[in-house]
Amino acid sequence: MPSQEDESQPLLPPPSPSSPSHPTPFWNFWRRISFPHPLNRVSLSTDEADQEVRNMYQNRTDRLVRIFSYILILLVGLCIGALLPRIPWRSRDVGDEPMVPPIYTLPPPTGLPRNPAYLINATTAAVASEDLTCSQLGVSILRDKNGTAVDAAITTTLCIGLLNGFASGIGGGGFLVLRAPEGTSRDVEVWKGLEEVKEGGVVAVDFRETSPEKVEREMYGISKAGRVAAQVGGLAVGVPGELRGLEAAHQLYGSLSWEELVMPVAEIAEKGWQVSRELARRLRLFGQFMLDSPTWSEIYAPRGYLLVEGEFIQRKAYARTLKRIAQEGPGAFYEGDIAKSTVKTIGSHGGVMTLRDLADYKARSSPAISQTWRGKQIYTTDAPSSGGVMLGLLNILEPFESEQCWDELAVHRLIEAQRFAFGARSEVTDPTFAHNLTRLAEFRTKEWANIARSKLTNQTHDMDYYGLQHGTPVDYGTTHLSVVDQWGGAASVTSTVNLIWGSHVMDSETGIIFNDEQDDFAIPGAPDAFGLWPSPWNYPAPGKKPLSSTSPTIILQNSSLWGVFGGSGGSRIFPSVAQVLLNLECGDDLSTAIERPRWHNQVVPSITTLEVGPEGEDRDLIKALEKRGHEIGLYDINVGASEVQGIVVVNGTVFASSDSRKNGIAAGY
């Protein structure tokens, strides 16, 4: 009888003890994969064995592909996770739209409330800039230090360049007009060449950037890469002129020491300030490139994200630079260590600027050009600015009056006059390089305006009708400030680094942000998107200054100061200033004149744009204009495509207003 098995005993003997196993390192993960060896398989025919081997290797390949796919998915997920915090997940509003997008892609009206606007009533003096802090700093120069309008303008200009470095700074340039009141003492050497400017007259200072001596017009070409080279990088940088321009103004009508005017701004740069709504907006819209640059992110993204409104910001390197310029004068920028650092930085980004370019830069002072208009004398800057073109625009409209200032006929005439003005602008160039100075001067005359006015009809026409021969660059950006002092002196300053944040080149040693003014030249070789060939008058050349849309303005009435105006916003600048003056003629107060929606047409594209606020547009007016052949495009007024800062003196009261489109606020006392 077979013996009974003990069910409590295991069927197999226990395994012999062994040392504990260690996990395989993760980089040897493939060793964890077990594949049966075909020779361990028995009872297979030769064909079956061959097929088994093929299946084994196919299975091995499939498993490896799956494993590597899982790894790739994991890596992609990690990358997305790292990028998610940098993506601004928020609802869309008009503030997220580019500030100055192409004229034909401006965002439509939103109906959102407008930024608050203010009209300052002062008894003595005022400063109107695009930032309240800077306006107040300028007033402190006027009131607390008994400074002149030029003194206050210097401090305010440097302040804007610090706080709103996206628009201006000592790495840029511009234009200004100033009025030294009657009785102001004149240094013979300083006023040499300005003898024709009578006491109480107006002087213009051109401190526009110049093209470096080694620049060749073929450097920029007609390709997309060539166009980008004129906008971003070292080749885009023109020789900066801001400090030489402010220096020239200071010599003409400054009373305080240079150091007294610069040090207050250096102190703000060193101690820091709170990010304004406007700076935060420009960072959000145009600052993504900073996240990839240690130089930029150290200032504007110190915690790994772009600064937002209310956060603390410092520009310590820029503070050191301003202190040195305060103590040594503007020449410290153009020669010595700062100049060497500038040339090195621009060269490291592909530029060709030299120490000689900087040392040779000079601002041009000259009598301001002028025209009488409706009982007033308007003074502004000559070419290559668009001051003369603005005078031509106003001259065309001078005889027209209307009971309803902006009725259908008045708006039609304004649009058509703008078209003739832009036709003339296509021939504007640096006077030093002009073949026909007489032609440049024609555009601001009554005779030219009479001819243009005679061509106005009840309908609109194609581009050839307005004398447009060439395309011109559409520039952006810029800042403007207006100042009036207690003696009737005035300064109107427009300064720029051109596109938002200029060339995207910042010197890490000095903190200077450099312009991309070379983009304001016409690039030869091919027509633009509208079929217009670039203007040969505006081709780049060594030492040449590009076309500008700026038009800083001072207005006298009966030899007394009446107003100070100017604007920012690229090609919209001079039409915007002109419309503010027309609004004042229609009876608006200064703030209303600045805040009123503006029309714009520059021939190409043919569309006429109109700003629209929360009150909506006048549909009947638009339909009437469309019957005349106008194509109307509407965009939201809060985008801020152009801004105007102005001051008016009436019966001893100084009215000052800054444009709400850029969150500006004026100040006075």
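Along the chain as shown, the residues are counted starting at 1.
For all residues, glycine too, the Cβ spot is worked out from N, Cα and C.
From the candidate list Asp187, Asp464, Asp520, Asp589, the residue TrEMBL records in the L-glutamate site shared with Arg208, Thr496, Val497, Asn498, Ser548, Ser549, Gly570 is Asp520. DSSP assigns Asp520 (L-glutamate binding site) to a helical segment in the three-state reduction.
In this structure, the C-alpha atom of Val497 (L-glutamate binding site) lies 7 angstrom from that of Thr478 (active site, nucleophile). Least packed by the Cβ count within 10 Å, out of the recorded positions Thr478, Thr496, Asn498, Ser548, Ser549, is Thr478. Among the binding-site residues Asp520, Gly570, the residue whose Cβ has the fewest other Cβ atoms within 10 Å is Gly570. Long-range neighbours of Arg208 (L-glutamate binding site) (same chain, six or more residues apart, CB within less than 8 Å of its CB): Gly173, Gly174, Phe175, Gly241, Pro384, Ser385, Glu517, Lys545, Pro546, Ser548. Cα separation, Ser549 (L-glutamate binding site) to Thr478 (active site, nucleophile), rounded: 10 Å. On the backbone, the CA of Thr496 (L-glutamate binding site) and the CA of Thr478 (active site, nucleophile) stand 4 Å apart.
Binding-site extent for L-glutamate: residues Arg208, Thr496, Val497, Asn498, Asp520, Ser548, Ser549, Gly570, maximum pairwise Cα distance 14 Å (rounded to the nearest whole number). If you take the Cα of Gly570 (L-glutamate binding site) and the Cα of Thr478 (active site, nucleophile), they are about 7 angstrom apart, rounded to a whole number.
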